[in-house]
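A.B. asks: Sharing a structure with you now.
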Amino acid sequence: MKSAFTLSLALVAVTATISAAADDNCSFGCLDVYKPVCGSNGETYSNSCYLRLASCKSNNGITEAGDGECASTPASSATPSPVTSSTGSTSGTVGCPDMCLDVYDPVSDENGKEYSNQCYMEMAKCKGTGYDDNKRSGNPGISTLDAERKLAFAPGYQGPPCGDMLCPDNYAPVCGSDGETYPNECDLGITSCNHPEQNITMVGEGTLPVTGAATATATATAEVVTRW
């Protein structure tokens, strides 16, 4: 009886460990860009990043079955619970998209009203406003993308293409195993994602010490400045 109880505790501990590891590996957020995709589980996700997040958290291997909303989406939303970014904002809000990329690719609705891109049109329809922030600003650039800088993926993520990964602008330098200093841990993670063959990991906080020739150069420069 005692052995059975001990075995049960061990199984619970293993399950908890696996669950905690899964949560750590899935600690990334996604941009609130509304570009719906249909999952292999028959549920609709706000975009492919949210599908990957759901797949990661559920460990069910959910894949994209197609672009756009599924023919019939279950009553319960497929979008994961909101993920808090480093800036304190949340993403994954069920329903209307909260932001769109400032990419100028004009489209018109059935009434002939023009929008900066498909996402802004979908947002306006969803919220029932007919309002296009990007179009009113007259800026077809990527200022919103630069301004938001929402955390998109955790460091070391080596999943699908890294093109939709963004990091906050905070300066908290870290040292990489490749001998480079990165502005913050998230930036190191993006490089690791883009170059999985290098298996770049964080080896410490702060900037890398200046050594060798670099030290000599820095010293010589300091001496010149002092003499000047």
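Cβ from N, Cα, C; glycine included.
I grabbed these lines from Swiss-Prot:
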SIGNAL    1-22  signal peptide
DOMAIN    23-72  domain 'Kazal-like 1'
CARBOHYD  N25  N-linked glycosylation site
DISULFID  C26-C56  disulfide bond
DISULFID  C30-C49  disulfide bond
DISULFID  C38-C70  disulfide bond
REGION    69-92  region 'Disordered'
COMPBIAS  71-92  compositional bias 'Low complexity'
DOMAIN    90-127  domain 'Kazal-like 2'
DISULFID  C96-C126  disulfide bond
DISULFID  C100-C119  disulfide bond
DOMAIN    156-208  domain 'Kazal-like 3'
DISULFID  C162-C193  disulfide bond
DISULFID  C167-C186  disulfide bond
CARBOHYD  N199  N-linked glycosylation site
A.B. asks: Compute the C-alpha separation of C186 (disulfide bond) from C49 (disulfide bond), stating it in Å without decimals.
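C.D. replies: Given the Cα positions, C186 (disulfide bond) is 17 Å from C49 (disulfide bond).
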A.B. asks: Tally the residues of the domain 'Kazal-like 1' (23-72) by DSSP class, grouping H, G and I as helix, E and B as strand, and everything else as coil.
C.D. replies: 14 helix, 9 strand, 27 coil
A.B. asks: What is the one among the disulfide-bonded residues C26, C38, C70, C119, C126 whose Cβ has the most other Cβ atoms less than or equal to 10 Å away?
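C.D. replies: Per the Cβ count, the most surrounded site is C119.
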A.B. asks: Between C56 (disulfide bond) and C70 (disulfide bond), how far is it from one CA atom to the other, in Å?
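C.D. replies: So the alpha carbons of C56 (disulfide bond) and C70 (disulfide bond) sit roughly 20 Å from each other.
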A.B. asks: Where C26 (disulfide bond) and C126 (disulfide bond) are concerned, what is their Cα separation in Å, rounded?
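C.D. replies: Computed Cα spacing between C26 (disulfide bond) and C126 (disulfide bond) is 29 Å.
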A.B. asks: If you measure from the CA of N199 (N-linked glycosylation site) out to 10 Å, which disulfide-bonded residues from the list C38, C49, C70, C119, C193 are inside that radius?
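C.D. replies: Near N199 (N-linked glycosylation site), where near means Cα within 10 Å, the disulfide-bonded residues are C193.
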